[in-house]
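A.B. asks: Take a look at this one; I'll ask things after.
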Amino acid sequence: MMEVLPELYEIFQGEVASVTEYGAFIKIPGTRKQGLVHKSHMSNCRVDKPSEMVDVGEKVWVKLIGKEKKEDKLKLSLSMKVVNQGTGKDLDPNNVVLDQDIRKKQSFKDYTSQKITLEAVLNTVCKKCGCPGHFAKDCFMQPGGTKYTLIPEDEEMIPDGEKKARLSEDSVKKKKKEKKKKKKHRSKSPSYLEDSDSSDSDRGQPARKKAKQTEKASMSQKKKKKKRHKKKHKE
């Protein structure tokens, strides 16, 4: 007897035959075949352990989303996330979610197996035109035409004389800056010197007061003497 397999995108209820790290195998009713529900198709959320989602012997609603023949063996891909597990209703009747999943897989390409080759173009010399910076296969010089070479960097284009002059100017500027800094440090007197100056000024203040007092006393004495002389003359 020929085994009748479900049609593509057909929904049916099957029993969980086994659970692995990457998914669960479901028995297809009426046949001896099994289909795989990958852990990415068990739920809309991320599933790390399929054993937490289903148990062996449990019945689940699935949708047949792919058929693939490999080495005379038919591999069936199933999905649980596009079917309501309570009612068996198709949650993706237009297969939009499945198309999105296929596009994501196609857009992702693994380049780890490919070797990356780097060619040092700058240090090469073209065999065709004799100019550095490119290979003969990339040379576009016409016979008898102009030659093309790489433009050197700005530092390389500056002559040696100008470089020396610039260096000397820079050194002069640095020296001037250092001199200015030294002058600033000299102009700023230390705090202890300021304190000593203030103390000296405090000491000098009473001496000035005494001098003023002695001057006033001498002036008053002179005035008294003058008054005495005037009285004597009147007598």
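Here the Cβ of each residue, glycine as well, is placed from N, Cα and C on the backbone.
As annotated in TrEMBL:
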COMPBIAS  160-172  compositional bias 'Basic and acidic residues'
COMPBIAS  173-188  compositional bias 'Basic residues'
COMPBIAS  221-235  compositional bias 'Basic residues'
DOMAIN    9-81  domain 'S1 motif'
DOMAIN    126-139  domain 'CCHC-type'
REGION    151-235  region 'Disordered'
A.B. asks: Counting each residue once, how many in the domain 'CCHC-type' (126-139) are helix, strand and coil under DSSP?
C.D. replies: 3 helix, 1 strand, 10 coil
A.B. asks: Across the domain 'S1 motif' (9-81), what are the DSSP residue counts per state (helix, strand, coil)?
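C.D. replies: The domain 'S1 motif' (9-81) comes out at 6 helix, 38 strand, 29 coil.
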A.B. asks: Could you give me the DSSP helix, strand and coil counts for the compositional bias 'Basic residues' (173-188)?
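C.D. replies: Counting residues by DSSP class gives 15 helix, 0 strand, 1 coil.
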